[in-house]
């Protein structure tokens, strides 16, 4: 009987141990979900472009000589009229002196000619009087023929002397004008020995070193003005029509006539910028219209650049607002995944079960993206924990609320925002730092998004 009781206890204990070793399924994974933001968004034309300095001028020598001084440092900001170089001046000082001497001599010759003219004029008057007297006497046979002929000769000689003096004065005047012109040219050449900045801006390094001989026309350096700065880009003929129609929609003929292209804002982003942190305005539309060979229309925008964050010659991204889309559905781009099948998001239904939605996307607005098709505005989309969620499996969902996206202005000329650019640069650095981890997380998300065998 005792043995039987022991056997029963062993059986009971064994049964308890087997019950405690049974598999316990883990709790549903935790995810964060939110319904999409539904709002009116600005539609854009997006193209690539290139920045260009508003002003660019080559600094060139205008006279020949040895380069004596260089009065700037590379990359220095210079003002229009600043003396940048000094060319040897001795030769041009001598030319000035020679021109002044020639001018003085010509002016002295004019004075001599004036005195000669005065004397000759007196002699002409006297000889004319004598001629008239002798003629009257000769007509009355009161004088000899030789006396009359002598009076005629004296009169003619006086007139010839006057004409000669006047000719000498004309020659002296011509010499003075020539000497004056030579002096003015000498003064100009001397002034050109100080090479001045033709515009204000930043100057490059010098192309000719001190002590070298420069010729008239030698390229010495270049000055570039980068504030403000241009961005050149082109849009297709279809985009041009879209922009025109969107901008003139609902306007009257008089409003169309008064339409100012500078009212169209333009946004710019550099290669490493997140988004478009620089704001400017359209500045020029090619007046020749659409290029028939390329089918594009050339445009130019202008941007304030006080801190010179935008350099000339940069390849940039351009965004121009062309219209508005009402009731657009937006999600954080991190909620969107992609695999070999296509682009998708994971949603959680009313029973907290994960489902996959195939979608198409539209324009991006910061870290948000438009969901063009495939998603209802009322559906809860997985934002955090995508890698833990599997279609067909339950989850524990925590609801959060997404904030609307701040849209850029459609019409009001925007103001440049260096602070925004700084923030974008910081965000870009953070994105770069996280880039290495992103592929692993995305791969996990794609694996988790595939339906499980059990489902």
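In case you wondered, yes, glycine gets a Cβ from its N, Cα and C as well.
What TrEMBL says about a protein is an automatic prediction, not a curated fact.
What TrEMBL annotates here:
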type	residues	note
COMPBIAS	406-420	compositional bias 'Low complexity'
COMPBIAS	421-434	compositional bias 'Acidic residues'
COMPBIAS	446-455	compositional bias 'Low complexity'
DOMAIN	56-224	domain 'Multidrug resistance protein MdtA-like barrel-sandwich hybrid'
DOMAIN	228-323	domain 'Multidrug resistance protein MdtA-like beta-barrel'
DOMAIN	327-388	domain 'Multidrug resistance protein MdtA-like C-terminal permuted SH3'
REGION	391-455	region 'Disordered'
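Per-residue pLDDT, averaged along the domain 'Multidrug resistance protein MdtA-like C-terminal permuted SH3' (327-388), amounts to 92 for this model. As a summary of secondary structure, the domain 'Multidrug resistance protein MdtA-like beta-barrel' (228-323) carries 20 helix, 40 strand, 36 coil according to DSSP. Note: the domain 'Multidrug resistance protein MdtA-like C-terminal permuted SH3' (327-388) comprises 6 helix, 37 strand, 19 coil (DSSP; helix = H, G, I, strand = E, B).
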